Amino acid sequence: MKIPTHILAPLMLVLFLAGCQGSSIDDLSPNGAATQLPEKLVKSMKAKGISTTSPVMFRIFKEESVLEVWKRKDNGRYDMVTSYQICKWSGKLGPKFIEGDRQAPEGFYAVRPAQMNPKSSYYLSFNTGFPNGLDRALGRTGANLMVHGACSSSGCYSMTDAQVAQIYAFARDAFKGGQDSIQLEAFPFRMTAANMARYREDPNYTFWKNLKEGYDHFEITKVPPKVDVCEKKYVFNHTSDPNAPIAATSTCPPSDQPESLKMAYQSYQTSYETAFSSMVGKGRIQPPSRSIQGLTEAKIIADWSARRARGERVTQEPPSLSPQDKDAASKPQVMVRLASAVAADKAKEEREASKRSRMTKMTASAAPMSVPAAPTVQQPAPAPQTTAALTPGAPAPAAEQPAPVKKAWWKIIGN
């Protein structure tokens, strides 16, 4: 089919421009990175004394599937300006342990301008900053764990494209206003007394109690806490001698906090302990959600992920050690392979078949050409004979000898 000139010419121009700039056609298309916040939201922030370029922080709650956006007001305290329902997050409740365990991270992370990706394969994204200092001190591994669009996740927090365009805009505008890093707080759930009572038997409970300290500091002050790591745990609003550096695996140096903060924190903790004891005493607590059962389960899932990536036949869902899945583990599991692996095998078979076909054709064309057969010399037809009855004692007639055959001239030369 011939493409009309009026269509072909503009297309060739676009391809030329893309090629000479070292870009692709996609790079010439808008991808949402310049999306502005809705006017209604901007007016709502302005009424609270918040500008679009004021500092921002994000809070994530897995169990509730919520991402909250908090902005700093004129008085220095933060106020929640909006929230988004997370489209998909990967894994279960609990931190990320190792590469391939499919877990979305939990903890306190710093997002800087270099972590923003306007050309993401998932519309728009920013890197969470995993692993942070605590993750590395605990030997946790993994990379490229994002908050992104496309509503598809494997170890990340995924939003719809429309949602991530706004979240990206909040970060972009805050960086324009001079903020050098954005605090991202990722929690397994809202760290209330009721929820902590639900998960008090969970293997991740000690880690979650440490996260709750930072959660409490923000709930009290409405200011993102200063986060450090020592003794392989988070410490918050830690003030110490500047000559006594804090190291992730070293003993925490002596610290002090403003008296007002200490008193507020103690009062908050007293109220919490009372509520926690009450919830435990009731005995009617909402059943917990599934959580990763430590490094042991993380290694099992990572092995499943690796075998799945290699195209091996594996169970449709990753293995689970969660108490809720004990009954399911005893039942026969459907074994499946990635569609991509099946397609790859089929493509390989087709390539092999094509290769065999080409080899057959090449062999046939390389074979020596056969010599054309000599034209058949027509023999003279024998004279018709009359069959007569033989008289007894009469001699049999002699057989007629065939006439000598003349050789074709080309056969004489070859002998």
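Keep in mind that glycine also has a Cβ here, set from the backbone N, Cα and C atoms.
The domain 'L,D-TPase catalytic' annotation in TrEMBL covers 56-187.
Taken from TrEMBL, the feature active site, proton donor/acceptor covers HIS148. A sphere of 10 angstroms centred on the C-beta of HIS148 (active site, proton donor/acceptor) encloses 26 other C-beta atoms. In the three-state DSSP classification, HIS148 (active site, proton donor/acceptor) falls within a strand.
Listed in sequence order, TRP89, SER90, ALA104, THR128, LEU145, MET146, VAL147, HIS148 are the same-chain residues six or more apart from CYS156 (active site, nucleophile) with CB atoms under 8 A from its CB. In the three-state DSSP assignment, the secondary structure recorded for CYS156 (active site, nucleophile) is coil. Here TrEMBL flags CYS156 as active site, nucleophile.
The region 'Disordered' annotation in TrEMBL covers 307-415.
With a cut-off of 8 Å between Cβ atoms, the residues of this chain six or more beyond the compositional bias 'Basic and acidic residues' (345-355) that come close are 311. Marked as compositional bias 'Basic and acidic residues' by TrEMBL: 345-355.
For 362-404, the entry in TrEMBL reads compositional bias 'Low complexity'.
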